[in-house]
Amino acid sequence: MIVQPRNLKYRVWATRIFMILFLCLIMFPFLMIISVSFRSGNFATGDLIPSNPSLEHWYLAFGIPWENPDGSVIQPPFPVMLWLWNSIKVSFVSTILILLLSTTGAYAFARLRFKFKEHMLTAMMILQMFPAVLALVAIYSLFDRLGNYIPWLGLDSLGSVTVAYLGGLALHIWLIKGYFETIDQSLEEAAAIDGATPWQAFRYVLLPLSVPILAVVFILAFITSIAEYPVASVLLQSMDNLTLAVGSRQYLNPQNYLWGDFAAAAVLSGLPISIIFLLCQRWIVGGLTAGGVKG
Amino acid sequence: MKAISSAGNRSGNPGRWVALGLIAAIDLILLYGVTMMYASGETPFALLVLLIITTGTWVFISHKGYSYRYVYPALLGVSVFIVFPLLYTVNVAFTNYSSSNLLPLERVKAIHMAKTYRTPGESYSFKAWQQGENYQLLFISNKDTDKHLISAPFGELTEPTEVNARLSSELPDGKELAFRDTIQIRHILKLLTIMLPDGGSLSMTSLREFGPQTRIYDEGPNDTLIDSRNGDILTPDMTTGYYVDNTGEQIGPGFTVFNGWDNFSRVISDPGIQGPFLQIFTWTLTFSALSVLFTLIIGLLMACLVQWEPLKGNGVYRLLLILPYAVPAFISILIFRGLFNQNFGEINMLLNMLFGIQPEWFSNGFLAKTMVLIVNTWLGYPYMMILSIGLLKSIPDDLYEASAIDGATPIQNLFKITIPLIIKPLIPLLIASFAFNFNNLVLIALLTDGAPNIIGATTPAGATDLLVSYTFRIAFGQYGQDYGLASAIATFIFLMVGVIAWLNLKATRRFTE
C-alpha cells in the first residue's frame with residue numbers, strides 16, 4: 001500500500017474536475033457533429049441541441065431522397081453507402097492478403113534458418129518508415145502500365161488499391177514474428193519428430209496457437225486500410241469507385257459546401273469503425289505497445 | 001530445426017509434379033506478359049517481372065530455396081510496392097516527366113505521323129449503308145452531283161485500312177443509315193482510306209465529308225520528321241523533350257527525356273521554388289517536432305492520471321480518452337475542417353459569442369499553423385497515452401512508495417522517477433512518431449490543403465504545406481502535373497526519412513539491448 005498524503009481528497013476532486021473539463025474539450029467535435037447532423041439545411045447555424053431537429057441529412061446519407069414540407073425533393077448528393085461498401089471490400093480483401101503473406105513470412109523469420117535473415121529484417125524495419133505516400137508518382141505509373149495488361153488492376157479500379165495496400169506488410173511481419181517467438185518451439189519439434197513437414201508444423205501446431213495475434217493484425221490492418229487516403233485518392237477517379245476516405249472530402253468543397261450532409265454521413269460511416277475499434281481496444285492496445293516497443 | 005527443414009525435402013511424391021506443372025504454367029503466362037511489355041517499350045517493368053519470375057521459380061523449385069518459400073510472397077509485396085516505387089521515383093527525378101512531356105518519343109512521333117492536312121482536290125459528301133455486319137459508303141461529288149462512287153464493303157475495323165471505290169449509278173445493298181447512326185460508326189470511318197479509280201485517295205475530313213488528305217510528316221532518319229508541304233525538317237531535341245523545326249520553335253506534345261540534375265538544380269536555384277521549399281522544409285521540421293512534443297506532454301499527463309488509483313472510474317476515462325484514436329482520422333480531420341470554417345464553423349460561432357472574435361483560421365498563416373497543430377495534437381495524444389500506460393506499468397510501485405515516505409511531490413516523482421525510467425524505451429517511439437508526422441499528408445490534404453498560399457511561388461505551395469503535401473500537389477494538383485520535379489523533392493524526402501530511420505534503428509538497438 002502506497003503511503004497517502006493527507007490532502008488526497010482535494011487532489012482527487014481537482015483531478016476529477018480537470019479530467020471532466022478536458023474530456024468536454026476532447027468530445028466537443030463529436031457532440032457538435034452529431035448535433036449538426038440533425039439540423040435542417042446545410043448552412044443553418046444553431047445550438048448544441050437543435051431546436052427543430054430534422055432527419056433530412058440522415059435520409060440523404062442512407063441514399064433516400066428527402067422531401068421538404070414545401071414539396072421540393074432533394075436527391076442524395078453522393079452515394080455514401082456505395083463508398084462504404086467499396087471501402088469494406090477493399091479493406092477486407094487486402095487485409096486477408098496481408099494476413100496470409102505476413103503470417104507465412106513471420107513464421108520463416110521466427111523459426112526457419114536461411115541466409116540474409118537478419119539483413120532482411122533490418123531492411124524491413126527501415127522500409128516500413130517509408131510510407132507509400134512518398135512514391136505516389138511511381139505507384140500511379142505502375143498501375144497505369146499494369147492496367148494495359150490486366151484491366152482490373154489498372155487505374156480507377158478497386159483491385160489496384162487493394163493490391164497497393166500490400167506494401168504495408170513489414171510492420172505486421174514484425175508483430176507476428178514477436179508473438180511466434182513467445183511460443184515454445186518444442187511443440188513443433190515434437191510434430192517434426194512425428195514426421196510433420198515444416199508446413200504441417202506451421203499449419204496445425206503454430207497457427208492454432210496464434211489466433212489472438214492474428215485477430216489483432218486483422219483489425220489493425222483493416223482499420224489502416226479503411227482510413228487510407230493518399231494512395232486511394234491518386235488511384236481512384238470515378239464517383240462510383242471512390243472509397244469512403246476519398247469520397248467524404250467531396251462534401252466540404254468550397255464551391256459545394258454540404259456541412260449538414262457531411263455530418264450525417266460522417267457519423268454513419270465513422271460509428272461502426274469506431275465501435276469495432278473500441279470493442280477490440282484491449283487487444284489493439286496490447287499489439288500496438290508490443291509492436292511499438294519492438295520497433 | 002535441422003529435423004524440420006530436411007523433412008520438407010522428400011521428393012518424388014505426386015504433389016510435387018502438380019506443383020511443378022502449376023509453376024510452369026504461371027511462368028509461361030508471366031513470360032508472355034514480359035514479352036508484351038518489352039515489345040511496347042516498358043523495359044523497366046519487363047525487367048521487374050522477369051526478376052520476379054526467375055527468383056520465384058528458383059525459390060519454389062530448388063531445395064535450397066525451401067525456407068525462402070515462406071518469406072518470398074511477403075518480400076515480393078514489400079519490394080514491388082515499396083522498394084521498386086522508391087527506385088522508380090528516384091529514376092523519374094532525373095527526367096522531365098510531366099503532363100506536358102507525358103509520352104515516350106515513339107508515341108509522340110506516332111502522333112505527329114498521324115497528322116494530316118487537306119490537299120486540293122474534289123471532296124465528296126457521303127452516306128452509309130448497312131447490310132448485316134458490313135457497311136458500304138456512297139460518295140456524291142460536291143462539284144458534280146451526278147458523279148456517284150460506291151465503296152467496297154467493310155466491317156468492324158481496328159487499324160487503318162484501304163478500301164477501293166468504283167463509279168456506280170445504283171445504290172448499295174442493305175438499308176441506308178440515318179445521320180445519327182452514321183455518327184455511331186465514325187470510329188470505323190476515321191480509319192478508312194478510300195482509293196479512287198483515278199489513283200487519288202480520300203479520308204474523312206468532317207462528319208459529312210470525305211476529302212483528299214495527305215500526311216503532313218514523312219519519316220526521316222534518326223527519328224526526324226520531314227514536312228511534306230515545304231520540306232522542313234523537325235528534329236527531336238533530346239534535352240528539352242520537344243520536336244523543333246528549322247526556326248527552333250517547339251512543337252507539342254513533348255516527350256519524356258532524361259534531363260540530368262535539372263529538377264534538383266531548379267529546387268536550389270529557381271527563386272519561385274527555392275523560397276517556398278525552404279519555408280516548407282522549416283515548417284515540416286517545426287510541425288513534426290511540436291506535434292511529438294505536445295502529444296507526448298498531454299499523452300503522458302493523461303496516462304499518469306488514468307493510472308492513478310485513487311481516481312475511480314479509470315476505465316471509463318481511458319475509454320473516452322482513446323476516442324479520438326478510434327474514429328478514423330479522415331472523418332475527424334474533415335469534422336475539424338468544418339468546425340474551424342471561418343463563416344459557418346461552430347468554433348468561430350462560439351468564439352464570437354464569448355469574446356466577439358472570428359479568427360481567420362484558413363487565410364492567416366500563423367493561425368492556420370496553430371489550427372493544424374491543435375488538430376494534430378487532438379488526433380495524436382491517445383497513441384502517446386497508450387504507449388505511456390504500457391511503459392508506466394513496467395515501473396515498480398515501491399519506487400513511488402519510497403519517494404512518498406521521503407515526502408516527494410507529484411512533480412518531483414514525475415521528473416525524478418517516471419521520466420528517467422521511461423525515456424529510454426520511449427525514444428525510438430518518439431523518433432517513429434516524428435517520422436510519421438514528417439509524412440503526415442492526410443492531415444494537410446484534408447484539413448487545409450496547404451492554405452493559405454505562399455505568394456510568389458512557381459508551383460502551388462502553401463504556408464501549412466508539409467514537404468509531402470507540397471510534393472503531392474506538384475504531382476497531382478490541378479495546375480499541371482510535374483512528376484519530375486515532384487520526384488526530385490520526394491528523393492530529398494527519402495534521404496531525410498532514411499536518416500530518421502537509421503537514427504531510430506540505432507536508438508532501438510541501444511535502448512533494447
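Just so it is clear, glycine is given a Cβ too, placed from its N, Cα and C backbone atoms.
Annotated transmembrane segment per TrEMBL: B:17-39, B:45-63, B:70-90, B:280-305, B:317-340, B:371-392, B:426-447, B:483-505, in sequence order. According to TrEMBL, the feature domain 'ABC transmembrane type-1' maps to B:281-504.
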The transmembrane segment (B:70-90) vs the transmembrane segment (B:280-305): 3 or more CB pairs under 8 Å: no
Touch test for the transmembrane segment (B:280-305) and the transmembrane segment (B:17-39), at least 3 Cβ pairs under 8 Å: no
Long-range Cβ neighbours of the transmembrane segment (B:426-447) (under 8 Å; 6 or more residues past either end): 284-285, 287-289, 291-292, 295-296, 329-330, 333-334, 336-337, 371-372, 375-376, 379-380, 383-384, 387-388, 391, 464-469, 472, 493, 496-497, 500-501, 503-504, 507-508, 511-512
Contact set, same chain, for the transmembrane segment (B:483-505): CB under 8 Å, 6 or more residues outside the stretch: 86, 89-98, 259, 262-264, 266-267, 273, 277, 428, 431-432, 434-435, 438-439, 459, 467-468, 470-472, 474-475
